[in-house]
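Asks: Submitted below is the structure of interest, expressed as structure tokens.
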């Protein structure tokens, strides 16, 4: 566990609440540490999402990270329906956050909590962050007619993933995790566009998906675009930013100067990729911007999907393949 679980779920909830069709939205959490504390936090978030998502959409809440929103709106509306729902939702969030932090302080998940989900059986005393089997659980199945929020609307699919780690196998860091996510998501939801967000960040604009799709689907230039990335913003920066923490030089100056050289490099977070571009497909004039929506595997059960997807995140899956060479990502560390 690197990022605090309470921080991680705020990232997750901020993208689950996008102004976008939930039937077309799937959220995957890649937990490279394979921590039961993070799994517990995501399980809590999957329940809180039933209240948080309709609250956000009903009252046009921004940002949709609950921690960031309640920090900015610390007092809340004074009267009316929104005031009542604000108090209720904040109370639910505070209670959830306290439960998550209590488990973190204790250092392990109690037996009572373990009985709430079969996923906790994946962890035992021998499990460590660098030595554990592949773990994958679908916490919300968007195909399930019972997977609905408090207003009766469909919830986005939510998946927990921890790729297999062994001390004697190199894991290729973040690139390896993203390659695993690419394979797993192709089996479960297979969306044409993929957003990557680091777990210590959150989305501060609920319309972001639509903005990115406007570029991909542009009739004139969409076929030339492999990815759309958004600048990263940071809190608590000093007035004069003498350490360059805002990354203003890169995002506001350097990247604009790279337009004539194939565009700026991928910055690692807040980026929408075409799935096909990561899988080696070359786009040209004959491949215009229409994004092909592929059908889900509607017939396979959750357990079947989990077992299939789990086979894609073993240590040996990429052996003697083009993964990390011709297909997907490979990060070079200097």
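Placement of Cβ uses the backbone N, Cα and C atoms for every residue, glycine included.
Source: prediction; values computed, not measured.
Okay, so TrEMBL annotates it like this:
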BINDING   3, 32  UDP-alpha-D-glucose binding site
BINDING   174, 198  Mn(2+) binding site
Asks: Compute the C-alpha separation of residue 174 (Mn(2+) binding site) from residue 32 (UDP-alpha-D-glucose binding site), stating it in Å without decimals.
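Replies: Each residue's Cα considered, residue 174 (Mn(2+) binding site) and residue 32 (UDP-alpha-D-glucose binding site) end up 9 Å apart.
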Asks: When neighbour density is defined as the number of other C-beta atoms within 10 angstroms of a residue's C-beta, which of the binding-site residues 32, 198 has the lowest density?
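Replies: Ranked by other Cβ atoms within 10 Å, the binding-site residues 32, 198 bottom out at 198.
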Asks: Provide the three-state secondary structure of residue 198 (Mn(2+) binding site) computed with DSSP.
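Replies: DSSP assigns residue 198 (Mn(2+) binding site) to coil.
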Asks: To the nearest whole angstrom, what is the C-alpha distance linking residue 32 (UDP-alpha-D-glucose binding site) and residue 198 (Mn(2+) binding site)?
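Replies: Residue 198 (Mn(2+) binding site) has its Cα 12 Å from the Cα of residue 32 (UDP-alpha-D-glucose binding site).
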Asks: Specify the count of other C-beta atoms within 10 Å of the C-beta of residue 174 (Mn(2+) binding site).
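Replies: If we count other Cβ atoms within 10 Å of residue 174 (Mn(2+) binding site), we arrive at 16.
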Asks: State the Cα to Cα distance, in Å, between residue 3 (UDP-alpha-D-glucose binding site) and residue 198 (Mn(2+) binding site), rounded to an integer.
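Replies: One finds 10 Å between the Cα atoms of these residues.
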